[in-house]
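One structure is given here, and the rest of the page talks about it.
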Amino acid sequence: MTTSSPWRATVLTLFPEMFPGPLGVSLAGRALASGLWQLEARDIRASATDRHRSVDDTPAGGGPGMVLRADVLAAAIDAAEIGQGSSKERPRLLMSPRGRPLTQARVVELARGPGPLIVCGRFEGIDQRVIDGRGLEEVSIGDYVLSGGEIAALALIDACVRLLPGVMGKEASGTEESFSDGLLEYPQYTRPQLFEGVPIPEILTSGDHAKVAAWRRAEAEALTAARRPDLWAQIPVKAPNRAGRQKTPKNKTDG
């Protein structure tokens, strides 16, 4: 992290009551209660200036729906940044289906910083002038459309918070998961030893850590190749795995 202050997420939304929501329980909730990170949900409508507290208007050029106004949202962003130090250090994100896909690599970057300001869109979108004028980075969590950016913001914050120092019980946990090395995570097993006639793979109970690591790597490669060929194509060829990398492995669980 770049500052001594706790990692802080500021969310601009028309529905601040949606926060902390699921971030108030489990790992994120305990970390929030203990001060390992901070959350501020700010109502965009508080920056409206007319008596009706209007935040949207019809699209220029016509079309369905409504558009979030640039003047209202810009005022909300500016108010949120007051007293937050240098705004250049703090990412400004807009949750949007047209944004760049959120990756684990980007999550790691965000978790190492001071924490982002996140704008949650609604309606047909927001005025492009505030996106450009306030330097908003558009981020997508998938190729689908939600009713607003709040659920996407919750997902992004959760992904970041679990990587913060002291949040997870075992520091290695965050580095041995799907996407941490570009691969999907290997299959996991625990007791009972035998479940419905299916045993835990013998190698996992062998006590040979090198063989266990090799098995997990091979399973991760097989899963990635079968389920996410887009990720598999980006995995660099490495000497210990060269044979498997030259020929796409087939995972028994994927047929």
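Each residue, glycine too, has its Cβ placed from N, Cα and C.
Binding of S-adenosyl-L-methionine is annotated in Swiss-Prot for I141, G142, D143, Y144, V145, L146; the matching candidate from G121, G133, G166 at the same site is G121. Residues G121, I141, G142, D143, Y144, V145, L146 are listed as the S-adenosyl-L-methionine binders, and the farthest two of them sit 16 Å apart at their Cα atoms.
Summary for the binding-site residues G121, G142: the Cβ-based neighbour count within 10 Å is maximal at G121.
Neighbours of Y144 (S-adenosyl-L-methionine binding site), defined as other CB atoms within 10 A of its CB across all chains, total 7. DSSP assigns V145 (S-adenosyl-L-methionine binding site) to coil in the three-state reduction, outside any helix or strand.
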